[in-house]
Amino acid sequence: MQWARSITSSNKALITHHLRSQRLDQARAIFDRMAAPDVQLSTMMVTGYTRNGRIDDALKLFDKMATRDVISWNSMVQGCLDCGDLGTARRLFDEMPERNVVSWTTMVNGYMKSGRVEEAEGLFRDMPGKDVAAWNAMIHGYCGNGRVQDGLRLFECMPRRNVVSWTSLIGGLDQNGKSEDALLIFRKMVGLGVEPTSTTFASALTACANSTDHKLGIQVHGRLFNLGYYRFDEYIAASLLTLYGNCRRIEEVNRVFSELNLHRNVVIYTALLTGYSFNAKHEGALMVFIKMIREGVFPNQSTFTSVLNSCRGLESVDKGREVHTVAIKIGLETDVSVGNSLLVMYTECGNVHDSVAVFKRIEEKNTVSWNSIIVGSAQHGCGIWALIFFNQMLRTGFEPDEFTFTGLLSACSRSGMLQKGRRFFEYITRYKSASVDLQHYTCMVDILGRSGKLHEAEELVKNMPMKPNSMVWLALLSACRVHSNVDAAERAAKSIFSLDPHCSAAYVLLSNMYASAGRWADVSRTRVRMRHGGIVKERGSSWVVMKGKKHEFVSGDRGHPLIERIYEKLRWLREKLKEVGYVADQRFALHDVEDEQKEEMLWCHSERLAIGFALISSVEGSGITVMKNLRVCGDCHEVIKLISGVVGREIVVRDSGRFHHFKNGVCSCSDYW
C-alpha cells in the first residue's frame, strides 16, 4: 500500500513538472498509465489543457472523469472562459450539480470581460450569498467596460470592503480618465486606516503620473521607501519611473532607476525609455533601447511604440530603420501595435512608400492602422491612395470614425478633389452628424477655398451649426492667399482677431498678401499692430538630418561651417535654372526693395540653403528630405521642382501643411497646395 502511494506521488510530481514545462502530451501519457487518477489530478490535467488553449482535449477529459467536484467544475468553466468559449462556459455552469460563490463569480467575470454587462448584472442579482470577491468582480467589470459611475455606486453600497475593493476602484477610475477622482479615493482609503498593498501603491502612482500630481507622488514614494517596496517590486518601480517621467523630472527618473535592486526587465526598461521619450530626450531614449538589447532584454510592443516615437522626434529615418530591423528579428514587425508605430514613423519622416509596405505586412489591422495609412497618404498628397485604402477598409468590415473622415477630407483638399470632398462632407453631415466636429468643417472650407470657391467657403463658415474657431477662419484666410483675394482675406482676418487677438499666423498671412499686392503701407500698418500687441512672427527655418545630426538653417544664414560651399552650390544651381527658363517670382520676396535685391533674398530662403547643404553632403543620386516649420513659398516650390530635374534626385520637403515629393521636375501635389 505504501509502495502504491509512493508511485502515485511520483507520477503526480512528474505530471506537475511536465505541465509547468508545457509538455502536455508527456504529462497525458503518464496520466493515462495511472489506474485510477483522483479528481485533483484530473482537474490539474484539465487546467493544463485550457491554459495552453487546448479546450477540446480539456472537455473530452472532463467528460471522462469518474468523479467531479465543484473545484473541477469551476476549473472547466474558467478554462472555457480563458479560451474565449463563453457559450460552453455558460452551458457547463447551468449543468453544475452544485455551485459555490466561486462558480457564480467566475461567470460574472466571464460576462464582464466579454462586454456583456447586463448578463453579468442578472447573475449577480441571482447569486446567493455574495462574498466580497463577487462585489469586487462587479466593480472591476463595470470599470473595465467604461461604466465607472455604476462601479462607484456599487462600491458605496457594499456591505463590506477589503483592500481589493479599494484598489479595483482606484485603478478603474484612473483607467477611465478620472485620475484625480482615483487619488481622492486613495486618500480616503488611507484616512480610514486601510493598509494598501503593492498593487494599490502601483495604481495610486499611475494615477499620480496621469494627473501629474508630483506632490502626492513624492508622498507615496516616501511611504514606499520606508516599506522597502519600490526597490524590489517591478510594477511599483515602473510606476515610479512613469510618475517622474510624466512630471518632467528626468533626474529623478535616473535616480530611481539607479537605486533599483531587482532584475531590470522589459517593464523597467520600457518605463525608463518612455520617460526619456516623453521629455523629448530622444537620443537618451535610443541609448536606453540599445542598452537593453545588449543586456539581452527583448523589447515588447510598448517599448517599440516609445522608441519609434523618439525616432520621429529626431526625424531620423535611419534610426527608425535600425529599430525596424530589431522588430523583424524578434518577430514583432507584423504586430498591429508595432506596425502602426512603424507606419507613422515612416510617414512623418517622409517615406510614404515604406509606410505602405509596413501597413501591408500588419497581420491583424485595426481602425488605427486604417486611419494612419489614410491620413499618411493625405499628408503626402496621395489622395487616390487614401480613397483606395478607404474602400479596402470598408470591404474588410471596419467602421470609419471621425478620424477616418478627417483623413479623407484632408486627402481631397490636398489633391484638389472638390466633388469627392463634397460627397464625403455631405455624407458625414447627413448620416454621421454626431461625429461631425470643427476639424471636418476646417477641411471642407479648405477644399472649397483652394478650388476657388471662396464665396461658398465663406457662406459655409457663416452657416455652421457650431461657432467657428480660429482654425476654420484660418483655412479660409489661407485660401484667400492662394487666390489673392484681399477683401475676403480682410473679413476672415477680422473674425480671427475677434476670437484670438494674438494670432500671429493671421497677421503674417495678411501682411504677406499686402506685400504680394504691393500695398506696402498696409504691410507697415500690420507690422506696427503686431509690434504694439507684442505679437512675434515665428521665425522660418529648414533643416536636414544627416548621419543622426540635425543641420538647421534660417533665411540668409551665414553660421554653418559649410556655408561658403552651400552658397557656391546655390549659385551653380541658379545659373542652371536660368538656362531652363526660370524667372524669379518676386511676389514672394516680401520686402519693399529693388527687384535685384528681391531675387537675391529669394535665393537665401532657408529651404534652398538646406537643399544646398544636402546636395554637397550626400551621395550623388540619393534622395533628400528637408523639413520646414512654415509653409514653403511659391517661388521656392517652383525652384525645387526645377532643381530635382537638374540634379536627378528626389527631394522631399515637409512644410507646415504637407509633404511635397519633387522628382524629375514635377511635384506630387500637382501644384495644388
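Note that Cβ sites are derived from N, Cα and C of the backbone, with glycine treated the same way.
TrEMBL labels come from automatic prediction, so no person has curated them.
The domain 'DYW' annotation in TrEMBL covers 581-673. Annotation source TrEMBL lists repeat 'PPR' at 38-68, 69-103, 131-165, 265-299, 366-400, 401-435, 437-467.
The DSSP breakdown of the repeat 'PPR' (401-435) into helical (H, G, I), extended (E, B) and coil residues amounts to 31 helix, 0 strand, 4 coil. Across the repeat 'PPR' (69-103), DSSP assigns 26 helix, 0 strand, 9 coil. DSSP places the residues of the repeat 'PPR' (437-467) in helix, strand and coil in these numbers: 22 helix, 0 strand, 9 coil.
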